[in-house]
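Below you'll find the structure, written out as structure tokens, and then a few comments.
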Amino acid sequence: MTFVVTDNCIKCKYTDCVEVCPVDCFYEGPNFLVIHPDECIDCALCEPECPAQAIFSEDEVPSGMENFIELNAELAEIWPNITERKDALPDAEEWDGKPGKIADLER
């Protein structure tokens with residue numbers, strides 16, 4: 001089991017979750033974070049820290065967002081590891097809660 005970052009992180013990229021991760025399993029893209037499924041220890045510390053409520057246990061990923069399970073695994077292999085909190089993206093508050101942001105994902 002692992003945790004998964006989903007759609008609402010895109011264009012927000014709050015990094016509160018990164019700070020609490022005991023195994024540093026977050027990876028950072030231009031406008032999105034992902035969790036490496038082979039490194040996550042399922043501790044659940046990150047989930048309540050996400051202001052965008054974009055992190056879910058793999059077995060609780062909302063319907064229609066199952067593609068994020070594979071996407072997290074794929075992008076964690078190519079993006080750099082992030083271990084410290086950074087400022088959210090400038091328009092994070094504007095984008096928080098907007099549906100269908102997968103088209104805005106920058107690889």
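Cβ atoms here come from the backbone N, Cα and C positions, even for glycine.
Note that the coordinates shown come from a computational prediction; the quantities given were computed from them, not determined experimentally.
According to Swiss-Prot, the feature [3Fe-4S] cluster binding site maps to Cys9, Cys17, Cys50, an assignment based on similarity to another entry. Listed in sequence order, the residues of the same chain lying 6 or more apart from Cys9 ([3Fe-4S] cluster binding site) and placing their CB within less than 8 Å of its CB are Phe32, Leu33, Cys50, Ala52, Ala54, Ile55.
What Swiss-Prot lists as [4Fe-4S] cluster binding site is Cys21, Cys40, Cys43, Cys46. Long-range Cβ neighbours of Cys21 ([4Fe-4S] cluster binding site) (same chain, at least 6 residues apart, Cβ-Cβ under 8 Å): Leu45, Cys46.
Look at Swiss-Prot and you will find 2-30 tagged as domain '4Fe-4S ferredoxin-type 1', backed by sequence analysis. Under DSSP, the residues of the domain '4Fe-4S ferredoxin-type 1' (2-30) split into helix, strand and coil as follows: 8 helix, 6 strand, 15 coil.
Listed as Cβ neighbours of the domain '4Fe-4S ferredoxin-type 2' (31-60) (distance under 8 Å, sequence separation of 6 or more from its ends, same chain) are residues 1-25, 69, 71-73, 75-77, 79, 82, 88-89, 92, 96-97, 104-106. For 31-60, the entry in Swiss-Prot reads domain '4Fe-4S ferredoxin-type 2', with the evidence type sequence analysis.
Listed in sequence order, Thr2, Phe3, Val23, Cys25 are the same-chain residues at least 6 apart in sequence whose CB falls under 8 Å from the CB of Cys40 ([4Fe-4S] cluster binding site). The Cβ of Cys17 ([3Fe-4S] cluster binding site) lies under 8 Å from the Cβ of Val5, Phe26, Leu33, Cys46, Glu47, Glu49, Cys50, Ile55, each on the same chain and at least six residues away in sequence.
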